Amino acid sequence: MLRKYFGKIEAIYAIRVNALGLAFFRIFYCLVLLLEVKQLFTFRTLIFSEVTISINLITSLLLLWGLALIFLFLGWFTRLAAVINYSIGVFIVWHMPDYKYHLDFVMTTVNFLLLFLPVSAGLSLDKYFGRQQHSEKYSSDQVSSLYGWLLVLLGIGLVYLDSSVYKFSSPMWRSGLGFWLPSSLPQNAHTNLSWVLNQELLVRFIGYGILLFEVLFLFLIWFRPLRWVLVLGGMLLHLGIGIAYPIPHFSLIMVALYIPLLPDSFWYKLRLVWGRRVEQNQNELYRYAAFKPESGPRLKRYLMALFILYAGVGQLMCILAAPAMQDFAEKYCAKDVLAGTQYLFKPFYYVNQKFLGIVSHDIFLDKHFAGYNQILNLSYVAKDNTLVPLPLFTQTGQPGTYSTGRIWTKWAYRVTGAHPEPNSLQTGMAQFSAFWMQQQGLNLKEATFLIRVKKIAVVNNWEKNYLNRQMQQPWRTIGRVYWYQGKCRFEWLSDSGLLKEK
């Protein structure tokens with residue numbers, strides 16, 4: 001069995017494809033990651049407010065990270081830039097425990113792969129300058145297809161499979177409402193999609209379609225006739241996620257991971273548009289790859305095969321932790337075997353999560369939305385007694401300009417959420433109000449904020465026009481935050497239903 005597996009890896013490694021796939025992936029991915037680093041830089045005093053590391057060090061590292069991404073984007077000193085990108089990425093992610101979200105783990109996986117992938121083989125300054133000095137060494141415009149498959153397998157396929165197994169234990173997804181319910185909650189609704197959400201059959205079709213797509217992707221992507229359908233479907237899925245929810249950077253990174261799957265015929269036609277002649281066998285034009293053995297060291301191929309195997313087993317251990325798998329094991333009296341297997345791999349969990357981004361992808365499930373019946377925001381009381389809402393949520397309760405990516409995740413689900421924990425709630429309100437005042441050039445000597453709530457209904461079944469009704473709910477004041485001489489004090493109204501005065 002192992003011999004067959006290694007033989008398959010060698011066969012894929014021998015397939016040569018146009019380097020433009022990896023090149024455009026590198027360019028697009030770096031642009032999106034630069035936007036994420038920009039957000040980290042903008043909110044650095046908020047995100048790293050509780051860590052013991054100097055904010056000056058954090059600032060320097062973020063600037064260096066951004067510079068490394070620019071070099072990686074240009075394909076200049078690519079290997080060094082990739083090492084800096086990966087090292088700082090791991091360091092930063094694991095020094096902001098309360099602000100991590102699913103982008104960080106996909107990013108860690110991709111950044112690790114960038115250490116080894118030949119992403120500078122096309123459209124790079126490294127190749128341009130290399131051709132000036134060693135024209136023969138840098139003459140090839142092709143790379144092994146295995147490099148692109150590494151990105152697809154680890155960045156998309158295993159992630160989808162893991163996510164789908166968790167969804168199987170979700171009543172929301174099993175009833176076809178996995179798209180409708182999250183999109184119908186104002187705190188999630190980056191865009192008001194009521195024109196779609198009000199069509200019950202359509203939203204159930206989308207919900208089941210997403211689940212089916214995630215389950216089958218890893219098994220169908222190997223069939224060439226289906227590849228275009230899966231690539232277009234996946235790109236549209238993640239563009240839709242970026243429109244529906246305030247996680248645009250995650251959505252665009254997932255779109256980028258599909259780029260290496262585009263066939264050679266696509267790059268051939270693209271280069272013709274540029275007016276460049278490409279020597280290519282006409283019989284290969286509509287194939288996904290031209291078959292040509294690569295004379296690289298066999299050790300390299302075996303190491304790549306072993307890494308894929310290790311990553312696959314690591315993700316399998318995460319999948320086995322899913323409730324659906326636990327229930328299956330208990331039903332067939334295999335729970336002890338499952339527990340023993342997970343125990344054996346327990347020492348690897350930390351390494352896999354921190355350095356490879358291999359984690360469970362239990363996101364957008366019932367547990368995140370159950371009992372979520374209130375949206376909280378803060379409003380600054382100006383000197384003329386006018387209220388200035390913080391840009392965490394809009395008047396309709398939708399995510400504001402602050403609330404994208406990790407900032408949205410932090411405020412909407414860790415500071416507030418369905419059942420806010422008192423200490424986390426008050427600490428978060430103090431941190432966010434202090435950060436906003438810093439951004440506005442105000443000081444902490446004396447300031448007052450109103451704690452405002454918008455009550456929303458909790459539902460488990462489809463309802464027409466549900467989102468619009470929740471957006472129209474009024475805001476009311478349930479407490480105050482007082483800043484005086486740099487110290488924060490909370491006052492809660494007796495009928496707030498949240499916390500008592502502290």
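Positions of Cβ are set from backbone N, Cα and C atoms, glycine also.
Among the features that TrEMBL reports, domain 'HTTM-like' is placed at 14-266.
If you look at the transmembrane segment (12-35), the same-chain residues 6 or more away from its ends with a CB under 8 A from one of its CBs are 66, 69-70, 72-73, 75, 85, 107, 110, 114, 117-124, 140-149, 151, 249, 252-253, 255-257, 259-262, 264, 267-268, 270-271, 288-294, 296, 301, 304. What TrEMBL records for 12-35 (among others) is transmembrane segment.
Look at TrEMBL and you will find 55-73 (among others) tagged as transmembrane segment.
Annotation comment: TrEMBL describes 80-97 (among others) as transmembrane segment. Only residues 6 or more beyond the boundaries of the transmembrane segment (80-97), in the same chain, are considered here, and those with a CB under 8 A from a CB of the stretch are 33, 40, 47-48, 51, 53, 58, 61-62, 64-65, 68-69, 71-72, 104, 107-108, 111-112, 114-115, 119, 354-355, 406.
Taken from TrEMBL, the feature transmembrane segment applies to 103-125 (among others).
Only residues 6 or more beyond the boundaries of the transmembrane segment (146-166), in the same chain, are considered here, and those with a CB under 8 A from a CB of the stretch are 9, 12-13, 15, 17, 21-22, 25, 106, 109-110, 113, 117-118, 211, 213-215, 217-218, 221, 234, 254, 257-258, 260-261, 301, 304, 308, 311-312, 315, 318-319, 322-325, 360-363, 365. The transmembrane segment annotation in TrEMBL covers 146-166 (among others).
Sequence-distant contacts of the transmembrane segment (201-223), counting only residues of its own chain at least 6 positions beyond either end whose CB sits under 8 Å from a CB of the stretch, comprise 152-153, 156-158, 160-161, 163-164, 167-168, 173, 175-180, 230, 233-234, 237, 261, 462. The transmembrane segment annotation in TrEMBL covers 201-223 (among others).
Taking Cβ pairs closer than 8 Å, the transmembrane segment (235-259) reaches residues 21, 24-25, 28-29, 32-33, 35-36, 39, 101-103, 106-107, 110, 151-152, 155-156, 182-183, 188-191, 193, 210, 213, 399, 403-405, 408 in its own chain, all 6 or more past its ends. If you look up TrEMBL, you'll see 235-259 (among others) marked as transmembrane segment.
Among the features that TrEMBL reports, transmembrane segment is placed at 302-322 (among others).
Among residues of the same chain six or more beyond the transmembrane segment (302-322), those with a C-beta under 8 A of the stretch's C-beta atoms are 5-6, 9-10, 13, 146, 150, 153-154, 158, 161-162, 165-166, 168-169, 338, 341-342, 345, 348-349, 352, 356, 358-362. In the predicted model, the domain 'HTTM-like' (14-266) has a mean pLDDT of 95.
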